[in-house]
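Going by TrEMBL, these are the annotated features:
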type	residues	note
DOMAIN	2-345	domain 'Amino acid transporter transmembrane'
TRANSMEM	28-51	transmembrane segment
TRANSMEM	72-89	transmembrane segment
TRANSMEM	95-115	transmembrane segment
TRANSMEM	182-204	transmembrane segment
TRANSMEM	224-246	transmembrane segment
TRANSMEM	267-287	transmembrane segment
TRANSMEM	293-314	transmembrane segment
TRANSMEM	326-350	transmembrane segment
Amino acid sequence: MVEMHEIVPGKRFDRYHELGQHAFGEKLGLWVVVPQQLMVECGVCIVYMITGGTSIKKIHDTLCPNCKSIKTTYFIMIFASVHFVLSHLPSFNSIAGVSLAAAVMSLSYSTIAWTTSVHKGVDPQVQYGPKASSTAGNAFNFFSALGNVAFAFAGHNVVLEIQATIPSTPEKPSKKHMWKGVFVAYVVVALCYFPVALIGYWVFGNNVEDNILISLQKPRWLIAVANFFVVIHVIGSYQVFAMPVFDMLESFLLTKMKFKPSMLLRFLTRTAFVAFTLFIGITFPFFGGLLSFFGGFAFAPTTYFLPCVMWLVIYKPKKFGLSWWANWLSIIVGVLLMVLSPIGALKNIISQAKDFKFYS
């Protein structure tokens with residue numbers, strides 16, 4: 001996608017759907033890309049809404065263990081209140097500082113998570129076997145886990161929008177700077193995910209929570225700090241994924257619905273989107289299940305196989321060459337993820353929903 005951003009001399013594809021239109025045609029490109037991208041970005045914002053709320057609750061419960069219990073719903077609403085303000089910032093450049101803070105926080109709370117787990121030591125009753133008691137249950141959990149992994153690489157969906165903010169000249173095309181950013185991003189991803197995954201499973205086994213910081217209890221102050229870092233991270237990340245949605249909604253209202261551009265239209269559109277993600281988040285706060293469902297159903301197409309299909313259509317690499325095989329392998333993996341992950345996720349959501357009380 002970084003390479004295809006300026007594939008046509010003198011033109012930049014600043015939006016995912018613009019690249020899709022170039023590859024598949026004006027109408028088909030829109031129908032192929034826009035619904036998938038909207039699902040991804042809405043899904044991420046919903047999951048981040050839940051994550052932010054549960055992390056604030058964890059901070060409250062950790063620092064005040066004897067205080068009266070407060071519903072998770074209220075903490076999600078507190079988190080949403082921040083976005084009713086931040087969502088009115090004008091562009092990606094306006095949230096650059098928030099995004100940088102989010103990246104630093106991500107590295108910080110991940111480090112706290114795995115170092116605290118090491119300090120805690122292996123749980124005496126730890127079990128490393130499959131969590132389910134049946135073959136079918138293990139299969140569903142496996143499918144669900146694939147969706148969780150897919151969710152971890154959601155950034156591809158906004159890579160063109162981010163690259164669009166980088167100045168570009170024939171001598172210094174934007175892709176040079178973007179590739180450096182991509183490299184640093186994946187180094188940070190590796191430093192965040194691998195220690196947490198390996199050490200977290202070593203310490204807690206198959207009883208580890210979807211969010212490992214919920215499994216950890218001591219030292220209280222450090223767990224509270226880590227959850228505070230999570231809140232800062234998801235505040236920034238929510239805005240990164242919400243910005244393209246705002247752009248699409250406002251463009252649709254102006255070009256298709258013929259609304260006149262105004263501050264009131266902008267205010268209502270962005271506020272309505274935040275309210276929508278808040279409503280879904282407090283109604284279905286199933287963090288792990290939603291993570292897996294959106295990871296498979298929405299992220300797999302836009303992350304794993306749509307870019308590869310576009311590459312094959314636009315570049316037309318030599319049949320049975322390395323590029324051809326690599327892209328087809330990604331397409332096959334992406335399709336399998338899209339089909340299998342939501343099955344496991346829905347099974348987990350149904351299991352969790354049996355004992356769930358709405359707005360609790």
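Even glycines carry a Cβ here, placed using N, Cα and C.
Segment contact is absent for the transmembrane segment (293-314) and the transmembrane segment (267-287), given fewer than three CB pairs below 8 angstroms at sequence separation of 6 or more.
When Cβ-Cβ distances below 8 Å are used as the criterion, the transmembrane segment (28-51) is approached by residues 16-17, 19-22, 76, 79-80, 151, 154, 157-158, 211, 230, 234, 237-238, 241-242, 244-245, 248, 273, 276-278, 280-281, 285-287, 290-291, 293-294, 297-299, 301-302, 306 of the same chain, each at least six residues removed from its ends.
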